[in-house]
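Below is one structure, written out as structure tokens; comments come after it.
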Amino acid sequence: QRMLLRLVLLSVFFAVVAARYIDSMNYGELRNFLDDQIMQVFIPRRMVRQERLQLLQIMELVDAIEIPRVNGVFLRKGPREAQTGTICILSHHLIFSPDPPSPGVKVVNEEASKELWLLHRMVDKVVAEPIAKDDPSRGGILALKLKNFLMLIFEVRSLNECFALSRSIERLSNLSGFQYEYPFYYRVPFTVLDDGWTAFDLEAEFAKLTVRAPDQFRISYVNENFGICPTYPEKVIVPRGIGDDYLRISATFRDGFRFPVLSYYHASTKSCIMRCGQPLIGPANRRCKEDETILNSLLAPHSRGIIIDTRNKNVGSAAKSKGGGVESQQCYSQWRYVFCGTPRIREMHDGLTKIVELSNDDRISSNHFLHRLYSTQWIHSITDILCASANVAQCIACEGTSEVPVLVHGGEGTDTTLAVCSLAQIILDADARTIRGFEALIEREWIAGGHCFSSRNAHSAYGEGVVTGPKESPVFLAFLNCVFELIQQFPLSFEFTEGFLLFLFEHSYASEFGSFLGNCERDKKEWRVKECTVSLWSYVNNPEILVQFVNSLYEPNEKVIWPSVAPQSIHLWSRLLHRWQMNWDEKDAVTKAAADAKLKEKALQSRVHSLKRQIADLAREASLITATNDGLKLTE
Amino acid sequence: ASAGSRDAPNPPRGVPPAYTEDVRVAGALLADKLLTLFEEVVGEERVFDDPNMRAQVDKVQLVDGRGAESNIVGTIHLTTSHLIFKGESEQKEIWVANNLIHSVERGPLSVAGCPLTVRCKHFQILHLLIRRDKECGDLFDSIRRCSQPLNIEELLAFDHRDGGEDAKGWSRLEWTIEFTRQGVDDSWVESDFNKDYAACDTYPERIWVPKTASKQILVGSANFRSKGRLPALTYHHKASNASLCRCENILLNEDERLMELIARTNGGEGEGGEPRELLLVDTRPMVNAMVNKVQGKGFEDERNYSGMRFQFFDIENIHVMRTSQAKLMEVQSRARSTTDYLKGLEASSWLKHLRAILECSHYIAKAIHTGTSCVVHCSDGWDRTSQTVALAQLLLDPFYRTIHGFEILIEKDWLAFGHKFDDRCAHVAAQNEEAAKEVSPVFSQWLDTVWQVFRQFPRAFQFNTRFLVHLHEHVYACQYGTFLGNCEKDRKDLAVARRTKSLWTHFDAHAEDYRNPFYEPTLYTDLLGVSTRASSIVVFSQLYSRWEDGILPRESIEDTMATSLDHIAVLQATIAAMEAKVAELKELTGRGSVGSSSCVSSFSAATAAHATTTMTSSLIAPKTMSRQETAESGVFDGSLTSSEDSILAGAAVRWQSLRDVDECSGRGCTVEFATRGEKRLHCHRCGKIFCRRCLRSSEKERLCRHCGDNSPQ
């Protein structure tokens with residue numbers, strides 16, 4: 001039955017394509033093109049169980065392609081110099097293949113003659129317009145604005161083709177539904193040595209924790225089958241003395257059913273970071289004894305905890321009328337309340353839109369630049385988040401030596417709460433500054449922690465307007481930007497490079513891997529993401545891939561890295577914002593030179609060590625000989 | 001002890017800037033753990049004769065400007081040359097040359113004490129709390145008096161104790177050599193018409209003019225200018241055969257002839273025998289030039305010159321720059337929030353000015369590169385002209401991006417062509433309002449623009465950021481005679497070359513501090529790819545926030561690489577020595593088995609000779625180790641102290657990490673480094689970081705006091 005279906009589809013498809021384009025392609029090209037399509041569509045997927053559904057999806061994907069191929073397209077602006085080529089549209093990719101250089105012309109740039117592959121998901125906004133408004137015969141301009149801020153501008157000879165391309169890409173890049181996501185169709189071209197889906201299991205993390213804090217925490221399975229909180233994973237770490245029944249009741253009191261769970265435990269001060277949703281106090285001033293018990297169980301006798309609210313005071317109080325609110329001082333008398341205002345998700349989204357627009361404007365005057373930089377508020381957002389994280393870290397590592405639990409929440413506790421918790425861990429813990437630790441942090445705090453990647457990252461800076469809803473927001477990007485600021489201040493304390501952050505940024509928006517799919521663990525389970533797709537970490541942890549992200553100057557730093565949040569110390573992340581406008585060779589070369597010197601130094605050091613050993617051996621031998629000689633002399 | 005150190009045959013090289021001699025003395029004393037340090041230092045330094053001057057104030061609290069750290073209690077000493085703060089318990093020492101003090105302010109008396117704020121020209125700000133109001137008042141008056149010398153001869157530079165010959169530093173710029181290097185062809189010729197500064201006292205005695213220009217033309221050209229600064233050659237670009245001239249602005253329209261002659265030097269004639277186009281760059285905004293014209297000072301009128309193009313650039317005058325920098329510094333020290341900071345930065349317009357200079361220089365460099373000769377001028381031709389002309393040359397000629405070349409560039413375009421350092425930097429306190437208006441950070445602004453280019457092309461420069469920062473400090477500190485006087489004539493009159501030392505000699509001696517590890521000499525010829533977009537121009541925080549360690553990055557890739565390179569060189573030497581040793585031992589064991597007694601006896605003699613040193617080093621090594629943190633236990637490989645060769649054994653394979661090193665590890669010294677930007681130097685033997693006072697450098701290696709004493713030599 002399976003084979004039959006495929007055959008039917010193949011023939012249908014073949015017929016359609018042949019009927020439409022047989023005259024515009026020669027046979028060989030057509031053949032190649034079809035092979036590509038077949039590879040895309042007919043690879044046996046692990047996912048394919050409901051055959052008919054799959055078939056429909058494929059039909060829909062194919063159906064969206066109005067025009068699969070356009071010749072003679074001129075790439076006016078992009079990541080390489082201008083050239084002519086062909087655009088092909090596949091169900092998940094757009095391919096721009098440059099025309100082969102005319103014979104006799106020496107190929108100067110090997111890189112430029114390669115094909116350009118682009119995931120449709122990466123496209124943020126498509127704009128198509130005629131080159132000249134009054135003269136449609138001159139063709140059209142197709143501008144693709146990507147989620148990584150790259151802008152591609154094509155000139156297409158025929159205006160109709162241009163519009164058809166635009167419609168196809170627009171539709172393909174905005175398809176909603178898991179079944180269309182590319183990760184389900186992606187085949188791994190490498191062997192998975194270290195499966196990212198199992199590498200960061202909570203139980204293993206917990207085992208590490210129990211060594212450091214025995215009898216304080218336990219794993220709770222209360223959320224099995226996501227029965228209580230849809231955005232939490234099935235297994236969570238909670239204070240040991242608290243029963244599941246308490247958690248259930250507390251969940252009803254917390255926004256999004258996000259009851260307090262452990263985020264981080266700092267072994268040296270025995271303080272911990274907990275996170276949760278805002279309390280649903282509401283206008284009626286509700287209280288929840290069970291929730292209070294959970295929090296108070298963390299306190300050592302006579303100590304006080306700290307609640308850090310990532311909203312500012314006004315937002316926090318205003319939330320009360322909408323059913324939320326802030327913990328009242330009466331009910332939580334042993335907790336100190338601190339507001340660390342961080343930007344809301346809409347502000348961040350607007351900020352990013354504006355700052356990307358600003359960085360694309362390269363003729364702006366210096367003063368105007370500063371003025372607009374100020375008005376984007378992006379730098380403000382970064383500073384605020386970093387400042388809140390530094391505050392959390394300070395509560396954990398500085399204030400008093402004994403156990404100070406810190407509870408972090410904002411509104412729902414799925415955005416800035418996560419950013420603040422994870423940044424505090426990077427500041428505090430040397431482990432989170434290694435590649436593996438950082439992966440674990442993202443997996444634990446962001447992916448399992450319930451940051452809704454699918455909603456937040458549906459569009460990035462250019463998608464303002466019709467295509468965006470109220471949920472898009474670059475929270476994760478802001479987090480990466482904060483990490484960049486830390487790297488900027490401590491370039492030797494991180495095992496990974498700025499490039500790794502950029503890599504994560506791109507993959508969080510469009511990826512062939514399943515890690516950032518869905519809004520929470522429940523989505524992942526429902527769509528069997530873990531079985532059917534490959535984890536990003538499987539790819540990253542492949543030694544051949546990993547090497548490009550390793551900071552060769554890394555010197556493990558066990559100390560807490562206290563960042564400076566003074567406005568003079570916060571720099572624009574130029575590599576993110578001007579990545580496509582500027583040449584980064586100089587910067588890369590400098591880093592490489594430093595890395596080479598370091599490697600050479602290390603090699604020479606080990607050479608000295610081995611020579612030392614050799615000398616010691618030889619010296620011993622020599623002294624033995626001398627002794628023997630002396631002995632001989634004596635006997636003589 | 002102080003006498004001993006003065007007589008020391010080999011004074012420690014490379015004292016941190018701004019405190020040469022005095023520190024040497026102080027360092028020697030510190031090492032001897034003399035608690036009476038400052039009596040001695042002050043004895044050495046010369047106290048004021050005037051009884052009204054307050055030389056010492058105890059129990060002064062040093063307040064951290066950002067409130068991040070607790071106050072440090074210490075003593076203030078005021079000598080004829082320095083203001084010194086010495087912490088009581090902590091190893092904090094602050095030395096400020098008197099001439100670096102920009103202003104002192106007294107705050108209202110409070111419970112904590114009497115606040116006194118000392119602002120310095122190198123942007124250090126000392127917030128002091130003094131117990132008694134009377135003391136504070138006295139100190140205030142004393143600092144004000146000693147920081148504002150009335151006569152140029154009072155400056156520190158003339159007070160240098162050992163006045164050894166410094167010919168090397170003072171002869172950095174040799175006009176003939178420099179122009180030969182540039183490849184000036186025979187269409188230019190040296191003119192003697194400014195002999196004894198007859199025609200123009202702010203120009204050098206020797207200037208280069210077109211060969212075809214008769215003396216009459218030159219004299220004419222000089223005469224109708226207010227200051228006689230006629231167009232003179234400063235740079236000839238060999239590759240495009242274009243030349244760069246500079247002058248003050250034009251009064252009348254009689255310059256036509258000279259301009260034409262300059263245009264003709266371009267060698268290649270354009271079409272129809274006409275000379276190639278000449279570009280006249282006016283660095284002032286068009287409006288200013290118009291105003292000047294109305295006042296009769298004027299600018300070149302396009303109608304009077306054929307084959308010439310005019311270009312105006314919006315570089316503001318010195319008064320605007322002065323205000324702008326003051327605002328910038330205000331923002332740097334006051335702004336606490338991002339909003340304040342960005343708004344203040346915008347209001348200061350500093351980045352805008354930098355960009356204007358950069359764009360103008362880029363334009364000139366591009367024109368020269370494409371073979372168009374340029375004449376650059378502004379009002380007087382010593383501020384904006386110096387900035388743009390010098391930066392354009394920096395963009396064009398890789399020679400000027402070496403340390404030596406950069407010094408020549410400064411000598412040529414800033415010192416020789418008469419940038420008024422005395423007036424602009426207020427070496428002698430401004431006596432009246434008129435003089436105060438002459439003060440402007442023109443040169444520091446230029447250093448800032450150089451850094452902006454450096455930031456974009458870190459591999460193109462032989463020097464590093466530290467070089468620029470220290471250069472900036474020395475321009476104001478007046479410890480060296482280089483930047484004294486308003487022009488070459490002033491310096492000649494003051495005989496600075498005889499009476500003071502040259503800054504370049506000091507820099508030569510500290511070359512290791514200023515070398516950029518990323519420098520690749522042959523990679524770039526011109527830097528015309530420099531980006532002048534607004535986002536590429538950022539605040540030079542290493543200069544403006546130099547004294548606020550919290551703000552600057554905590555770790556530096558550049559310093560790590562410099563240390564790595566240093567270490568690699570040492571390791572290579574060690575490996576060579578070890579390989580020789582291995583060869584020797586191999587030979588020994590090979591022959592030993594045969595039984596050659598002569599060889600054996602020589603070996604045992606060598607062993608005996610080394611025995612004593614082995615003993616000492618093995619005794620001392622563990623002691624120094626125990627003082628170090630355990631994480632550094634790899635520094636010293638104790639296993640080898642038992643082997644024969646103490647030199648090889650003693651060399652640490654691992655060097656102390658640069659991370660969080662704020663103090664010298666010398667015993668009895670442990671003085672704090674002045675800033676994070678100061679170079680951290682390792683002892684080649686034990687691999688630990690020391691301050692300059694505790695290190696002795698020889699040709700071969702740099703050793704700390706301790707290793708130096710135990711060295712077998």
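Backbone N, Cα and C define each Cβ position, glycine as well.
Annotations in TrEMBL come from automatic prediction, not curation.
Feature annotation from TrEMBL assigns active site, phosphocysteine intermediate to B:Cys378. Counting only residues at least six positions away in the same chain, the Cβ atoms of B:Glu248, B:Asn249, B:Asp282, B:Thr283, B:Arg284, B:Ile315, B:Arg384, B:Thr385 sit under 8 Å from the Cβ of B:Cys378 (active site, phosphocysteine intermediate).
TrEMBL lists B:Asn317, B:Ile318, B:Cys378, B:Ser379, B:Asp380, B:Gly381, B:Trp382, B:Asp383, B:Arg384 with the feature substrate binding site. Within 10 Å of the C-beta of B:Asn317 (substrate binding site) there are 17 other C-beta atoms, taking all protein chains into account. DSSP classifies B:Asn317 (substrate binding site) as coil under the three-state reduction.
This prediction places the mean pLDDT of the domain 'Myotubularin phosphatase' (B:169-544) at 87. What TrEMBL records for B:169-544 is domain 'Myotubularin phosphatase'.
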Per-residue Cβ crowding (10 Å cut-off), top of binding-site residues B:Trp382, B:Arg384: B:Arg384
Three-state secondary structure, which DSSP defines for B:Cys378 (active site, phosphocysteine intermediate): coil
Nonlocal residues around B:Asp380 (substrate binding site), in sequence order (Cβ under 8 Å, 6 or more apart): B:Lys227, B:Arg229, B:Glu248, B:Asn249
Other same-chain residues whose Cβ falls within 8 Å of the Cβ centroid of B:Asn317, B:Ile318, B:Cys378, B:Ser379, B:Asp380, B:Gly381, B:Trp382, B:Asp383, B:Arg384, the recorded substrate site, in sequence order: B:Thr283, B:Thr385
